[in-house]
Structure formats: C-alpha cells, structure tokens
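Before any comments, here is the structure.
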Amino acid sequence: MERLKVQTLSSSKSPAKSPKRPPPPPLAARVKVAVRVRPPVASNGNEVPLLYISEAEPETGANADNVIQFQLDKTQKSFRFDHIFSPEATQAEAYNAALQPLLVSLLCGFNVTVLAYGQTGSGKTYTMGGAAVGSGNDDGLILRFLRDLFDALRNEASMKTTIKVSFLEIYCDEIRSERVKKTLLEGHGMKEGSHINVGLLALGNVINALGSRQRPLQRLNSTGVSGRGTGSGNVTPRHVPYRSSKLTRLLRDALGGNSVTLFIACVSPEITNGNETLNTLQYANRARSIQNKAQKNVEEAVTEDMIVDATSVDLVTE
C-alpha cells in the first residue's frame with residue numbers, strides 16, 4: 001500500500017491590514033524533492049543492489065552529487081534530486097539538510113508543506129513521526145521542526161504569537177497502489193482498496209499535469225500533435241485536475257500553489273519492491289519540476305498615523 005503523510009503549517013503576523021502598502025510579491029520556488037532510502041531487511045546477502053548511491057558527505061549524511069541510479073533487470077535509470085539520503089543517514093541529518101531550512105520561510109510568513117510519499121514499509125511514518133519506541137535520536141522530522149519553531153518564537157519576545165494545530169484524516173483517499181495479490185486484501189478490504197486507488201490516480205494526474213506545464217511549450221511537427229495546438233504552433237497548458245479527489249484538493253496549495261513545499265520520496269532498496277521503487281522515483285522526478293508561488297501572509301498593524309492619513313484622504317476626496 002502507498003500512503004501519503006502530509007503536514008502543512010501556515011504563518012501570519014499582526015491582526016490588522018495596512019490601508020496603503022500593497023502585498024509583497026509571491027515567492028516563486030520549485031518544489032524541493034528529497035529521496036530517502038530505508039535500510040534493507042535481513043537477507044541472505046545474495047541479492048543484487050537495486051539502487052546505487054554515491055558516498056554520503058561525512059558531515060551532513062547527504063548524497064554528494066544528489067544522483068541516484070536505479071537498476072532492475074534491463075531497466076536502468078538515473079535521477080537527480082535536491083537531497084538524497086542513504087540508509088545510513090540519521091533523522092537529524094535528514095532534518096538538518098532538507099526540512100530545517102524551511103523554518104525561515106515559515107517565520108517570514110509563508111505557508112510550508114512537507115509530505116512523505118512511498119509504498120508501505122518504505123519509512124514514511126518513521127521519517128515524519130519517528131519510531132514508536134526509541135530515543136530522542138529517532139524523533140521524526142515534524143517533531144524536530146515544531147521544537148525548533150517554538151524555540152524560535154520564544155526568542156521573539158516582542159512578538160505575540162498564536163499557534164493552532166489541527167489533524168485531518170481522509171479515509172478513502174489514502175495513497176495506496178499495490179496489487180490486491182501483494183496486499184492480501186479480501187472482501188471489504190479489496191473493495192476499499194479499489195476506492196483508495198482513485199486518490200492515487202488523481203494525485204498522479206495532478207503531478208503529471210503540473211510537471212508538463214513547466215516544460216517549454218512544444219511545437220507542432222509533421223509526425224503528429226502533442227496536446228492541442230494554438231495558432232502559433234504552441235501547446236496550451238494542461239488542465240490540472242485538482243477536483244478529482246479530496247486528497248488533491250487538500251494538496252492544491254502544496255503542489256503548484258501557495259506554499260513552500262518539500263516532497264520526501266521514501267523508497268526500498270530491495271529487488272522485491274523494484275516496481276514500486278521505480279514508480280516512486282518517477283513521481284518524485286515529476287514533482288521536482290512543479291513551480292509554486294507562495295504568498296507572504298503578512299497583515300501589518302494599523303498605526304495612528306495611518307488612520308490620520310486615511311481620514312485626510314477621505315476629506316479631500318469629499
């Protein structure tokens with residue numbers, strides 16, 4: 001089964017709007033994508049490696065050139081991402097390199113979203129939430145981020161801050177894609193799984209549509225047409241089907257919208273999970289081309305001088 005772990009945080013300052021100043025320009029930023037490879041389970045040691053990763057940097061645990069190579073039978077593919085973490089990378093190393101830098105964006109008033117994508121057992125829950133039983137070294141990325149957030153807010157003694165936390169579960173839009181045979185689902189579980197796949201398909205369609213929007217507009221040629229052409233020979237942007245599922249509606253800001261987003265792809269290094277690993281890497285590769293435009297959520301306090309100025313303008317116009 002494939003599931004999606006999502007955490008979205010929003011930030012705003014001061015309750016009153018300024019009557020004069022225009023809103024700040026949006027922050028145009030590509031979705032950042034990190035790949036984390038979980039350790040292999042115990043085996044006889046005869047399995048050929050599925051993923052090849054260059055040596056990690058000793059200080060950060062991050063992949064040196066951010067390239068991961070996939071090889072299964074005759075299929076060989078190479079992917080480049082913003083961060084790649086080997087099975088030896090710790091929770092602290094993954095957090096410090098990939099998520100911690102986004103704290104500044106949140107404190108400056110931008111929405112921040114982090115989501116983990118991958119098949120069941122690939123390490124999503126551990127990466128986001130940590131181990132069920134373990135030491136502080138196993139704390140997940142969300143706990144570490146919240147800890148740093150509260151520490152930063154405590155240091156802002158001149159600012160009054162209100163924090164609200166909410167939890168939402170979308171029961172039939174969880175991301176699962178394994179075949180029924182592999183998940184061993186029967187009866188009600190099989191029927192539920194078929195409904196859940198609708199959410200996965202919708203998410204894939206959104207990622208594909210957004211990814212194709214970022215590519216240069218194609219030209220019509222003699223061999224055929226890719227998409228619907230315009231009068232100038234360019235292809236019109238594809239419709240993004242956000243309304244296809246509750247899941248994609250929830251992720252509208254995270255993918256192509258008003259958010260600074262980190263997409264964490266969790267994968268298995270084992271041959272038995274080869275197809276799922278390749279699918280996850282391909283989705284992550286498409287997500288890396290998605291451009292977001294995050295709006296700064298700043299509402300400036302109205303001072304007494306601003307009120308006087310606004311009143312003067314009203315008197316003059318009358």
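Don't overthink the numbers, they just go from 1 along the chain as shown.
Glycine residues also receive a Cβ, built from the backbone N, Cα and C atoms like all the rest.
Model, not experiment: these values are computed from the prediction.
According to TrEMBL, the protein carries these features:
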- 1-27: region 'Disordered' (REGION)
- 30-176: domain 'Kinesin motor' (DOMAIN)
- G118, Q119, T120, G121, S122, G123, K124, T125: ATP binding site (BINDING)
- 177-290: domain 'Kinesin motor' (DOMAIN)
- 219-239: region 'Disordered' (REGION)
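Every protein chain considered, the tally of other Cβ atoms within 10 Å of the Cβ of G118 (ATP binding site) stands at 30. The secondary structure of K124 (ATP binding site), as reduced to three states from DSSP, is helical.
Sequence-distant neighbours of G121 (ATP binding site) (same chain, 6+ residues apart, CB-CB distance under 8 A): R38, S268.
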